[in-house]
Amino acid sequence: MILRRLVLAGSLLLATAFTSAKKADSPIIMATRFDHEPINLFYFGDSDVVMLQDIKNGDVYVSRDAGVKWDMVNLDGLKGQALSLWSHPTDRTKAYILGKAGKHWVTNDQAVSWHEFSADVEFFQSLFPLVFHGKDSDRVLLQGHKCVGRDCKEVTYYTTDGFKTVDILIENARGCNWAVSTPIFGDGLNLSKEVNDRIFCIVPGLQSPWSDYNRLLYSDRFFKQDSGTEAPLDSGRAVSGVVRTASVKKYLLAAAKSARTSELALYVTDDGSQWHRAEFDGQRVEEDAYTVLESTNYSIQIDVVAETPSAPMGTLFTSNSNGTYFTRNIDHTNRNGLGFVDFEKIATIQGIILVNTVKNWEDVEMSALVEKKIISQISFDDGRTFQPLKAGKHDLHLHSVTHLSNSGRVFSSPAPGLVMGVGNTGGHLKDYYDGDLYVSDDAGITWRKALDEAHKYEFGDQGSVIVAVFDEGRTGKISYSLNHGKDWKEASLPDGIKIRARILTTMPDSTGLKFLLVGSSKRDSDVEHYVISISFTDMEERTCGKDDFETWPARLNEKNEPDCLMGHKQFYQRRKADVDCFIKKKFQEPVPQFEPCKCTVEDFECDFNFIRSTEGKSCVPARSLPVPEGACKKPNDKYMGSSGFRLIPGNACIREGGVELDKQIERVCTDTLTVPVSGEIVVQKTFFTADNYKGYFYLERKDSSKGDDETVIMITSELQIYITRDHGKNWKEIFPGETITRIVPHQYFDDVAYFLTNSGDGWYTLDRGENFRKFKAPIPPNQDKLPVLSFHPERRDWLIWTGAEECKTRGPQCHSVAYYSTNHGSEWHFLMQYVRRCEFIKREARGSSNNLVFCEQFENENPLNHHLQLLSTDDWFSEKKVHYNNILDFATMQEFIIVAVRGEKPEDSLSVGVSVDGETFAYADLPANVQIPVQRAYTVLESRTHAAFLHVTVNNVEDHEYGSIIKSNSNGTSYVLSLSAVNRNTYGYADFEKMQGMEGVAMANVVGNVADVEKGAAKKYRTMITHNDGAEWALLSPPSKDSEGRDYSCSTEGGKPTDKCALHLHSYTERADPRDTYSSPSAIGVMLGTGNVGEYLTLKSDADTFITRDGGITWQEVRKDRYQWEFGDSGSIIVIVPESRPTKTLLYSLDEGKSWKEFQFTEVEMLIRDISTVPSDTSRNFLLWGNEVGNGKKPGVAAVNIDFSNLKERHKQCVLNEEKPEADDYYLWEPMHPFQPNGCLFGHRAKYHRKRPDRDCFIGRELQHLDSIGDICECTRSDYECDYNYEPQIDGTCAPVPGLKPLDPKLICTEDPKAVEWYEPTGYRRIPLTKCEGGKQLHHIIPHACPNKEEEFLKKHPGLRGVGLFFVIMSPIGLAAAIGYYVYTRWDGKFGRIRLGDTGSGGFFASDSLLISIPVAIVAGVVAVATALPLLASSLWRSVRGYARVPGGSSSQRVYSSRAAFAAQRADYVGVVDDEDELLGAEDFDEEENDDRGQV
């Protein structure tokens, strides 16, 4: 949404007056000189009081005589402190001065007096500072930031009494709005007091600060008695990703964007309670690609970008009366890159719109280099039809909003029917300085030239006076006309002043005879600024009488007769053009007169649940219609229902004798919601002319995207590429006859994919395969198996292409060159040569430039020297910065950039370099207790919890690999051990997986016989689980009985697992398809896996299938044998199918796996190789991939669509009431954490929406599963982890690493200039993720003042002085000595340990003791995945978040890969974060230098 306020840069300081000679037949002109250009100039309504601001000096000025004399506003504390000046949009008496130092001022009497108020807030451009109530001018929101040093957070204040009192409304809100935000909001709806008090605020998500998780909350009590309720934007459900709200006329709009798409959803309300999603006739609405325009009282006008953003054009849409359905008015409207649209409604006249469109739009779509040819068009029927502007017989084209030359409206004013503009006649619009001034006095029907050259212009005295000033350079005169622009006179500026005009304006209603001209004049080397008043009040003109006026029809039809709109004709009493008089009705705007018309087709719109038909002549159902009570007992019954039309609300047409399109008609019951369903699962099998498939991936439609497609792209073993838009029911081959060698789905946007050839030609789709566009690369793709395309995380169309140069013959001259494009390949620009990989670094978590790019380049552009430099730039390498001279690789994540830096001695060692901002790097301190003789390989895991996670390889012997997971502090530089002996395979991937959708649950397979493995024995695995993000790990509890009701051969102790009897599951390194994860991001609490019960994990062939419904606490055996599984409809459907054996049937569950039903999907046995659904697991469709193997088999690979949407139990949508979440088909589920009986995890309790398993309904689009974060808990030892150089013990204790010292705690004083104190090390540090408050402060016990900060320290600790300070310091020392002696003499552990103790009483070591804490390490990563689709031998690789493959030594083909989104082929199977989690390593460096690197 484009919200803008037009100002001019500059300021004023000194005022000096000049006066021209007074003449009876010309205006009086007086000039006031200022040293700085004035800004924020405005009139108070219905007055001659004008204000402006000197922003440079921080002063404000006021004039009470329409700009003749100016006085500085002198208030205590205001001098030099004014930051901005604002007028109230609807109250003509109020204005506001926002100050620089927390003091602000308000006037309620047009600047006669001022009231000071205080609010500690700083103002940034990201928030609109003042938000006004539409009906009560005393109600205002004040938005900004509260800053302490560099740490700033959003804060919103509110007042209900005009700032007599001010209170904090909410903190950390990203924008707030009153529900009643305009004077006409809710008119005729009898709004309740609650809605009048209602405020909507955009706030961060409950578990994530990123904008994709923003929520829209509302409160009717100023967030005092509640924390807000989520607005039910979409069919009664809350929506995440709300990016902004805006008000226009009687509507409030909210825009939301889902993660991994640039497409927006717009939601509209006209009563503050009921929201509807706006539909745009199939048009995509992109982020920052639409503009809410000036609208009417009965519809919204929105311009939506249609095509190339680099040469933006739009489509103009107009809504129905409730803002739900938008119809297309005109295509190819002219826009600019700032979102301004060449669109204006003619003031005071209903239905007349003036737009500019692009004549050569087809050429512009083909190339951004083509200059747009712009033409002007006008509509007299509210945008239904458009026609050219005519000046005589010639087409006229006028400069509009995209070329603003004045403040206020471009063409019109409240002067009835008078319209002006700068432009030219001919085939299209020329440059502004090639234009002339044109005028129309019949609201745009006919035009004539007024003045040569471009001029600024303004209307006065209801159009009796027009003033114009030359706008192509300096001028010393003005021009004016007293007869609608037919004839013109000139008047000179006083004292020979020549200015460059900046603003020409008058009072807002254009009823006065005074004007203001702002301009600048250059004398010698000085620039002088003037505010010039122009007054026609003393001219010898009589006052107009009755005979001087005419009845003027505002609109004419094609027969030149008064036209009807909204049920009436509109007329004005307007002064005749050629009479010699002034109206002199100051502050009295012209009042329209209306004459009613009989109802016609134009007076009706589509009713609720209906949309315009394709031909636009009828209204057809948009969805199944609600059934009338008592009707539709049988499918063939009929009932009386809506015709599809309704009279537009507010339309005043006469019913009698007119058209009645809204009369009820007879409808058939098949249109209703109660159509009986077949109750059957529908199957559609498709065979392909290939023996197998090489890969598939989903282009998933997100919640904010339009349509209902479920798009899959599949590649066969014969290299044919097929697409389905309906999840496999119908397939179509794309690019037949083309040799596609690479398919590269966008790393960050699921709507986008690129299809490449070896020649450099390619195609891309921006809309999930609905359309394909061709592009040409600057050079062919590289031949080094480097990533060809790199993507920007936030700018969808920004690309980096790494291609091959001088490579026709493979020789030493062949090298890689990087180019970049900001318009998806329409234009390319050179970036750097001799590169290996280049990436955009911008992330939402860091404030870096959008242009920040990192590249790996061979030193001295010589790949033979084996040294890769890490370089960065934010100006496309006009300048560059060298971060490291010899690196192996780097990984970019949401919060960190981690670099594998090669060591000097030994040469094959690695160090870790870390940066949080992309500017400054520091080396990481790895824990000494992770015994790694030489750091040679590590895997970068997830970093969304304000900490980085690494898997560090401890044993690198082939087939015997394992390592440790370590976790960093908040800046990624200091690491502690989390879990040892985690299994790793030869390629560097670890058996580690986080449960999706829940905090704190992760599973890992560890090597259970480390000592034997070190001697050469085969690895034996055990599965461990954590429910508190690594604070404690335990074996999986086995089921009490198997699926056949029999006991297992081993036994547990009281139901708890033992070393001899636990459940073990096969993990990532054993999966044929890495996308087959245990859990789903939408099936909260549910996991499936295959494995066995016993001492260790056994062979896969011996595995059975298990399920948990409570986050891994308890498990149940589903079936003997191993099955493949998939979640559908957010877990309300679970489908399993046998793995590695032929079958005709599948099993499905509708109650989270409690019971299962068998379904036969084929007559011929099939061997199913995979089962899939959309990445979010929200569809009711599944795909089985396999081959027929039984009698009567057909050749070729088959894709079998299994559709549950017609199943009776899944045909009705579940009901969720956000205000009463347990009232209908859902309940609130609170995860249980077995080691924390109070339910706290990271200092809070969480509650999730889950469907009741016994309800027969479907969930539909993905829920915001997390309903709330309940109680904030007091800090306990579980909210802390071991500090650097402290390590967790096997028995749960925390001890110093022998022989090592903690980090110097005084470093904070030098690293943070704001630091006042440092604390003595305690061995503990607070977990970055915890929200706990109060309680145990284990990390801060004994404070000390930083050097030269003693005074601030004593102010912070006022009691620590003199004797008191002595005892505070000495008491802990004495107590520590006493405890030390006691422990040394009484405790067998002696020094070096802090015992965990039991939960009961335990003296010093009880669970609540301040002296001890359990080490907590967050394990919140995702499984590393090689997201590969081999299309042509090692060349087709898909990565949603980034992929890089670097073969290492011997035959290992060491992989350095993204682990953040194997979801490539399945997009988001693990719901991975936007980190590019990678495997970094160094093996056999000499060989690795000459090896190839894999495809991104």
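Yeah, the Cβs are placed from backbone N, Cα and C, and that goes for glycine too.
What you see is a predicted model, and the numbers here were worked out from it, not measured in a lab.
If you check Swiss-Prot, you get these features:
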type: SIGNAL; residues: 1-21; note: signal peptide
type: REPEAT; residues: 438-448; note: repeat 'BNR 3'
type: REPEAT; residues: 480-489; note: repeat 'BNR 4'
type: REPEAT; residues: 819-829; note: repeat 'BNR 6'
type: TRANSMEM; residues: 1363-1383; note: transmembrane segment
type: TRANSMEM; residues: 1410-1430; note: transmembrane segment
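Below 8 angstroms of C-beta separation, residues 346, 349, 352, 354, 378, 380, 389-392, 396, 398, 416-423, 463, 466, 484-486, 554-556, 577 of the same chain, each at least six residues beyond the ends of the repeat 'BNR 3' (438-448), sit close to that stretch. Counted with DSSP, the repeat 'BNR 4' (480-489) comes out as 0 helix, 3 strand, 7 coil. Using DSSP to sort the residues of the repeat 'BNR 6' (819-829) gives these counts of helix, strand and coil: 0 helix, 4 strand, 7 coil. The average pLDDT the prediction assigns to the repeat 'BNR 4' (480-489) is 96. Here the repeat 'BNR 3' (438-448) has, by DSSP, the following mix of helix, strand and coil residues: 0 helix, 4 strand, 7 coil.
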